[in-house]
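Per TrEMBL, the features are:
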type	residues	note
SITE	R30	site 'Transition state stabilizer'
SITE	K37	site 'Transition state stabilizer'
SITE	R178	site 'Positions MEP for the nucleophilic attack'
SITE	K231	site 'Positions MEP for the nucleophilic attack'
Amino acid sequence: MSDDSRPSRPEPRTALRTAAVIPAAGRGVRLGPGAPKALRTLNGTPMLIHAVRALAASRAVSLVVVVAPPDGAPEVKSLLDAHALPDRTDFLVVPGGESRQESVRLGLDALPPDYDIVLVHDAARPLVPVDTVDAVVQAVRDGAPAVVPALPLADTVKEVEPAAAPGDPEPVLATPERARLRAVQTPQGFDRTVLVRAHETVTGAVTDDAGMVEQLGERVVVVPGHEEAFKVTRPLDLVLAEAVLARRRLNDGF
Ligand SMILES: Nc1ccn([C@@H]2O[C@H](COP(=O)(O)OP(=O)(O)OP(=O)(O)O)[C@@H](O)[C@H]2O)c(=O)n1
Ligand SMILES: C[C@](O)(CO)[C@H](O)COP(=O)(O)O
């Protein structure tokens, strides 16, 4: 095969700077009554601080933009000041919006110009391991416009006709082949220009940023996710998160 006929590989882009946007403006309705979810504590430390530390643990990440509850930016700034965070990382706090999508866009608007790679990470995934963060950054540096960490599913999934009234039986429409399905986590990593274009042009219901990039027709790739990157959504997830932290303390010899 001559050089000209080889498929072109994107150049690795090691010099690019990486920022992380952490949407943390949700109420946490499914977790039950209480403070906004990101401000609730796991082993005495706010979930948001765990998430910020998890992203700042990556040497690739030099800026973290926290998107606070709409009226909670001063409180979040105080929280960041009150907790030990790496000196090499810069932090910004901006108020969020009504939907996750709007909160991410407000975080993107706050990014200084000199960042080319953007990670978007749910504050509600406080325990993502640094190796997962680094794998996502590396895949973007290697040329993928959009990268999502994901895991195979344990359950079989059914597509249904949603119930007309709560509690009604739901007719099953299809059973997608499980081996081809992945449960998608964060951080999701992007070429900044692609993500900004997605947020400027895609409207309608989307549940993740990569889904918006897919609608642009851009390539989105999956890298292995991690069990500990689960989303704290319901009360049982708090129990699991504290158990993971306890196991980590045991393994670290504390
Ligand atoms: N208006 C919103 C809604 C959500 N989020 C953030 O998006 C992430 C994922 O959302 P989810 O887990 O659904 O959080 P909540 O919206 O708070 O949960 P719920 O739907 O139970 O209220 C969370 O870190 C959440 O803080 C946000 O920044 N702004
Ligand atoms: C972005 C996400 O975490 C990927 O799994 C998920 O879609 C967020 O959904 P939520 O309903 O906003 O928690």
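Here the Cβ of each residue, glycine as well, is placed from N, Cα and C on the backbone.
Other C-beta atoms found within 10 angstroms of the C-beta of R178 (site 'Positions MEP for the nucleophilic attack') number 12, with every protein chain shown included.
Per Cα geometry, K231 is the residue among the recorded sites R30, K37, K231 nearest to R178 (site 'Positions MEP for the nucleophilic attack'). Taking the Cβ of R30 (site 'Transition state stabilizer') as reference, residues of its chain lying under 8 Å away and at least six apart in sequence are, in sequence order, T233, R234. Checked against ligand 2, the recorded sites R30, K37, K231 give K231 in sequence order as having a Cβ less than 6 Å away from one of its atoms. Local packing around the Cβ, expressed as the count of other Cβ atoms within 10 angstroms, is greatest for K37 among the recorded sites K37, K231. Residue pair K37 (site 'Transition state stabilizer') / K231 (site 'Positions MEP for the nucleophilic attack') shows a Cα separation of 11 Å. Taken residue by residue with DSSP, K231 (site 'Positions MEP for the nucleophilic attack') is part of neither helix nor strand, so it is coil.
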